[in-house]
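Participant: Below: one structure in structure tokens.
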Amino acid sequence: MAARDTICALASGPPPSAIAIIRISGPAVAEIGKSLLASGLPEPKRAALTYIYDSDGALIDQGIALYANAPHSYTGEDTLELYLHGGPAVIDHALRGLTAIAGVRLAEPGEFTRRAFENGKLDLTEAEGVADIIEAETGAQKAQALRQLGGGLTEIYDGWREELTGTLALIEVMIDFPDEGDVPEDTARPILSRLEKIMSEIETALGDRGVGERIRDGFRVAIVGPPNAGKSSILNRLARREAAIVTDIAGTTRDVVEVRLVLGGQVVWIADTAGLRETEDVVEAEGVRRARRAAAEADLRIHVIDGTDPSPPPEQVETQDIIVFNKADQRPAILAPDGALPISVITGEGIDKLESWIAAFVSRRASSVEAPVITRARHREKLVAGLASLTAARDALVSDMGAELAGEDVRMALRQLSSVIGRVDVEDVLGAVFSKFCIGK
């Protein structure tokens, strides 16, 4: 993506629509205003009603033009937005007219926001916040994205970076003014104190049980239990549709089937899994393996007991897990365990209560961390690596392995934290982040 190009794209929803917004950014904006707008380029931040023509003089539409001059724009470049009628023919003509001008091309996904990042208008976490707010479906997702877009994460990571930079300066003093090769205790003490403080804060951030990522991507709930206990029917009841195949044949479900719901104001992925049992069937055995993995990775497990089959109680039930006693409408062969929820997928008994229990769990989990520092897997990966480097730096100082080694470890940690917000070269990360944006953003 060459910065000298001028880019354009439809920034509003797909046609037909009442209004279409064509966004343009780059050095050719002034030429576009002069060539295509009947009234010329408007004054900065002033909307102008004008006729828009193509380079052959054919009328495209009558619309509103809004100009923002560099660096006072979203991208930091000269930008022009055209508000046109939202018919497909108008939009197609406008984009063809723009790209007919030398140096103007259609934008790639996320290219406007990438230019904003490259021009210092946003850092990488703020750019991710832009993508997240576009995709937000729940109030919790929107609030988290707005906080990130507003620099909430930047402030925290910049604080750590500033503290580490000061720590590195103290280590450099130790290197430049050694005391006969030993680390002076009065110099090492404040360095160790700084390192311990930052490490403690990072450990706290990493101990959030993935709340920020779950708010963004969705909480995971796995329905587990023996074959024919009614797991698929429970999924269908919760989904209010036939999401999973239901038969009387044990072992019908052989893969993980997921549905996406919004419960308790949070996105929740509920997975129906294969019945847990020993089997010689290769395909079913793979399904059981996947079921166990889904259960292990889930935030919450729904353990299903078949009330007509006195099978052993579920294994590995954690405190927050839910036990449901299915087929409560039939004559139970066993008594429901204490704390189990009696349900019937036939009559619907207990389904609403099960749904409310799931909603209560995800609501509690989402509110357990007031302001998550980690909202994506890449943030967690960098923090884990940064913490490892800081631990190595502390150990080097404590064991007298040398200030040089400690300094190098602190530099590594600083680089890891800086890469989260894009303060260092992260070209591979940029491609992954901005490729997920929509065209026009």
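Note that Cβ sites are derived from N, Cα and C of the backbone, with glycine treated the same way.
What Swiss-Prot shows for this protein is this:
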BINDING   ARG23, GLU81, LYS121, LYS441  (6S)-5-formyl-5,6,7,8-tetrahydrofolate binding site
DOMAIN    218-363  domain 'TrmE-type G'
BINDING   ASN228, THR247, ILE249, THR252  K(+) binding site
BINDING   228-233, 247-253, 272-275, 326-329  GTP binding site
BINDING   SER232, THR253  Mg(2+) binding site
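Just tell me what is around each of these and how deep it sits.
Facilitator: Long-range Cβ neighbours of GLU81 ((6S)-5-formyl-5,6,7,8-tetrahydrofolate binding site) (same chain, at least 6 residues apart, Cβ-Cβ under 8 Å): ALA11, ILE21, ILE22, ARG23, ILE24, ALA65, LEU66. Following the DSSP three-state reduction, the secondary structure of GLU81 ((6S)-5-formyl-5,6,7,8-tetrahydrofolate binding site) is strand.
Looking only at the domain 'TrmE-type G' (218-363), the predicted model's pLDDT averages out at 83.
Taken residue by residue with DSSP, ASN228 (K(+) binding site) is part of neither helix nor strand, so it is coil.
In the three-state DSSP assignment, the secondary structure recorded for ALA274 (GTP binding site) is coil.
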Participant: Can you tell which of the binding-site residues LYS121, ASN228, SER232 lies nearest to LYS327 (GTP binding site) in space, using Cα positions?
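Facilitator: Comparing Cα positions, the candidate nearest LYS327 (GTP binding site) turns out to be ASN228.
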Participant: Enter the number of other CB atoms within 10 angstroms of the CB of ARG23 ((6S)-5-formyl-5,6,7,8-tetrahydrofolate binding site).
Facilitator: 21
Participant: Could you say which of the binding-site residues ASN228, SER232 has its Cβ with the most other Cβ atoms inside 10 Å?
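Facilitator: Result for the most crowded candidate: SER232.
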Participant: Using DSSP and collapsing to three states, where does ARG23 ((6S)-5-formyl-5,6,7,8-tetrahydrofolate binding site) fall: helix, strand or coil?
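Facilitator: It is in a strand.
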Participant: Tell me which of the binding-site residues LYS121, LYS231, LYS327 sits in the most Cβ-dense spot, judged by other Cβ atoms within 10 Å.
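Facilitator: Top count of Cβ atoms within 10 Å goes to LYS231.
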